[in-house]
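> The domain 'DWNN' annotation in TrEMBL covers 4-65.
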Amino acid sequence: MSCVHYKFSSKLDYNTVTFDGLHITLSELKKQIMARERLKATDCDLQITNAQTREGILFADKLIL
């Protein structure tokens, strides 16, 4: 199992999404975060940024390692 740590800019603590395999697509990561946080896709869209490089990740089919 692999994991991605995420945090909303308005929160202090990180949460974790776990998944099978070595990578996850950006769209699947967004779906899992939204489900975990009980957000609806019609309410918002998530902006994903690499915390180390501050680079925004824009393409839905991009693999997150």
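In case you wondered, yes, glycine gets a Cβ from its N, Cα and C as well.
Where the annotation comes from TrEMBL, it is an automatic prediction and has not been curated.
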> By DSSP assignment, list the helix, strand and coil residue numbers for the domain 'DWNN' (4-65), in that order.
11 helix, 16 strand, 35 coil
> Please average pLDDT over the domain 'DWNN' (4-65) for the predicted structure.
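Mean model confidence (pLDDT) across the domain 'DWNN' (4-65) is 85.
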